[in-house]
Amino acid sequence: QRLRQILKESRECPRVGVRHLQSIFIFLGLSVVYMQRTNLSVAIVAMMDRNSTNPDFPEYDWSEQTKSLVLSSYFWGYFFMQIPGGQLTHRFGGKVMFLISVGIGGFLTIFMPFGAQLGDWQVMCALRFLQGLCQAAVYPSGQIILARWAPPAERGLLVTLCFSGLQFGTVTIMSISGILATSQYGWPSIFYISGGCGIIWSLMWLLWGADSPRQSKLITPKERNYIESALEAVPKGENSATSAKLPTPWLSIFTSVPFWTLTITHCAYNWSYWILLTQIPSYIKNVFDKDIQSNALLSALPYTANLVLGLCFCALGQVLLSKKVLSTNASRKIFNTIGMWIPMAATIPLAFVDGNSADLAVILLTLSVGINSAVLIGFYVNYIELSPNFTATLVGISSFGSTSMSMIGPLVVGVIVTDTTNPNQWRIIFYTMVFSYF
């Protein structure tokens, strides 16, 4: 009878509703966060080479080690706030923490060009550190909101839609960074655009965002009943979520083998993902001698593939689950394996590409980063399924470890790649990525 009631409510519920609006808000919020997080990857190339962009703006003579320090500084703040960020999300709610992540991050981003002029790389590091602190709660808050808005039957679709915002933001800022850097507004405009988008999004989220269907002023009673009934129908401890304040089961979390498996997978993923995201523009410019506009567009290609293929993998996964071709457990494992092992296979030949084969390098990078998107319906969605009531805490603890990989990766590149035009030094970095994918 309970199942018949849910089916009846699902038929009466609008196919496109406020749950999708909330997902679009999370998609846009994550897009803006990644615009703010990754804008420096291309901007720093322009900041260190006035001749390749608008010469009317300052140039900074930073060493490769200093550049790596600036690129990694975001993750220092992000790292230290991971576990507190998850706990703060449980205490104050996903809406508030998401608002803080994007809004304050936007103001800090706008101030970065002034900070660089006032205090050189030290102030840039400090601002990026503060930005990382503010945005540490963005994953836990997004996950906990989805746990209360996404019916189990739609969870894979909505999670993939939301987290494809990571790639959309990356593609957007990388695609326009080259144009902005050579425009009359120069490289500072890269920071103004990405920061301004964060402030605009924050105003919309403040008006229309909600922690749960019960707190939304926009939702219809039919849609609210459908979502709440679907979540309540799942046995407690599996895929259900409640807004009640529950004590955190720390011992169960730290002794959970599935949770540690997720954490190790997340660490391996972050090592390769963030080395590429922070270093592709420098790799393409220095090894293949590309100008800033070509560099920005070529750097965006792998993440365009990641965005498109991520949505394709999501659609395929939903079909396989709905037709019961695969169980949820098998689907997560298969897609996660595809998302790690095929990129590994593409990275092996990438390690041997020389400075005369730019096209081949971009093809291999695009294949590697594109197929890597399969993990969105692998380990990424599994946090909610493992414990919806403590999703934010699980993500916070796991991200504490995985963010250390994001922080160390650029520093390791700075130590190993002392001559950025030398493909042999980059080869060592690609070897470490092959190991992490495996």
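Glycine residues also receive a Cβ, built from the backbone N, Cα and C atoms like all the rest.
Residues or ranges marked as domain 'Major facilitator superfamily (MFS) profile' in TrEMBL: 22-438.
Feature annotation from TrEMBL assigns transmembrane segment to 21-48 (among others). Using a Cβ-Cβ cut-off under 8 Å and counting only residues 6 or more beyond its ends in the same chain, the transmembrane segment (21-48) has close neighbours at 58-62, 67, 70-71, 74, 98, 101-102, 105-106, 109, 116, 128, 131, 135, 138, 142, 145-146, 149-150, 158, 161-170, 172-174, 177-178, 181, 186-187, 190-191, 193-195, 197-198, 201, 204-205, 208-210, 216, 218, 277-282, 285, 292, 295-296, 299.
Long-range Cβ contacts of the transmembrane segment (96-114) within its own chain (Cβ-Cβ under 8 Å, at least 6 residues beyond either end) map to 26, 29, 32-33, 36, 39, 85, 88-89, 124, 127-128, 130-131, 134-138, 140-142, 145, 187-188, 191-192, 194-199, 201-202, 205-206, 209. Annotated transmembrane segment per TrEMBL: 96-114 (among others), in sequence order.
Residues 22-23, 26, 29-30, 33, 36-37, 40, 70, 73-82, 84-86, 88-90, 93-95, 97-98, 100-102, 104-105, 108-109, 111-112, 115, 119, 155, 158-159, 162-163, 211-212, 383-384, 391-393, 395-396, 399 of the same chain sit 6 or more residues outside the transmembrane segment (126-146) yet have a Cβ under 8 Å from a Cβ within it. Annotation comment: TrEMBL describes 126-146 (among others) as transmembrane segment.
Taken from TrEMBL, the feature transmembrane segment applies to 158-181 (among others). Note on the transmembrane segment (158-181): residues 19-20, 23-24, 26-35, 38-39, 41-43, 46, 52-54, 142, 146, 149-150, 187, 189-190, 193-194, 277, 281, 292-297, 299-300, 303-304, 306-307, 310-311, 313-314, 317, 373, 376-377, 380-381, 384 of its chain, located 6 or more positions outside it, place their CB under 8 angstroms from a CB of the stretch.
The annotation transmembrane segment is assigned in TrEMBL to 187-208 (among others). Residues 21, 25, 28-29, 32-33, 35-36, 39, 42-43, 46-47, 53-54, 57, 95, 98-99, 102-103, 105-113, 173, 176-177, 180-181, 218 of the same chain, all 6+ positions outside the transmembrane segment (187-208), place their C-beta atoms under 8 angstroms from a C-beta of that stretch.
Under the heading transmembrane segment, TrEMBL lists 250-276 (among others).
Residues or ranges marked as transmembrane segment by TrEMBL: 296-322 (among others). Proximity of distant same-chain residues to the transmembrane segment (296-322), defined by a Cβ-Cβ separation under 8 Å and at least 6 residues beyond the stretch ends, is recorded for 41-42, 156-157, 160-161, 163-164, 167-168, 170-171, 174-179, 181, 276-277, 280-281, 284, 290, 328, 331, 335, 339, 358, 362, 365-374, 376-377.
Under 8 Å from some Cβ of the transmembrane segment (334-352) lie the Cβ atoms of residues 265, 268-269, 272, 313, 317, 326, 361, 364-365, 367-369, 371-379, 426-427, 430-431, 433-434, 437-438, all in the same chain and six or more residues away from its ends. The feature transmembrane segment is assigned by TrEMBL to 334-352 (among others).
According to TrEMBL, the transmembrane segment annotation covers 358-381 (among others).
If one looks beyond the transmembrane segment (393-417) by at least 6 residues along the same chain, the residues whose Cβ comes under 8 Å of a Cβ in the stretch are 64-65, 67-69, 71-72, 75-76, 78-79, 82-87, 89-90, 136-137, 139-140, 143, 248, 253, 259, 262-263, 266-271, 273-275, 278-279, 383, 386-387, 425-426, 428-429, 432, 436. Residues or ranges marked as transmembrane segment in TrEMBL: 393-417 (among others).
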* Asked: Near the transmembrane segment (358-381), which residues from the same chain, at least 6 beyond its ends, have a CB less than 8 A from one of its CBs?
  -> 155-156, 159-160, 163-164, 167, 262, 265-266, 269, 272-273, 276, 280, 284, 287-288, 290, 298, 301-303, 305-310, 313-314, 317, 331-333, 335-340, 342-343, 346-347, 349-350
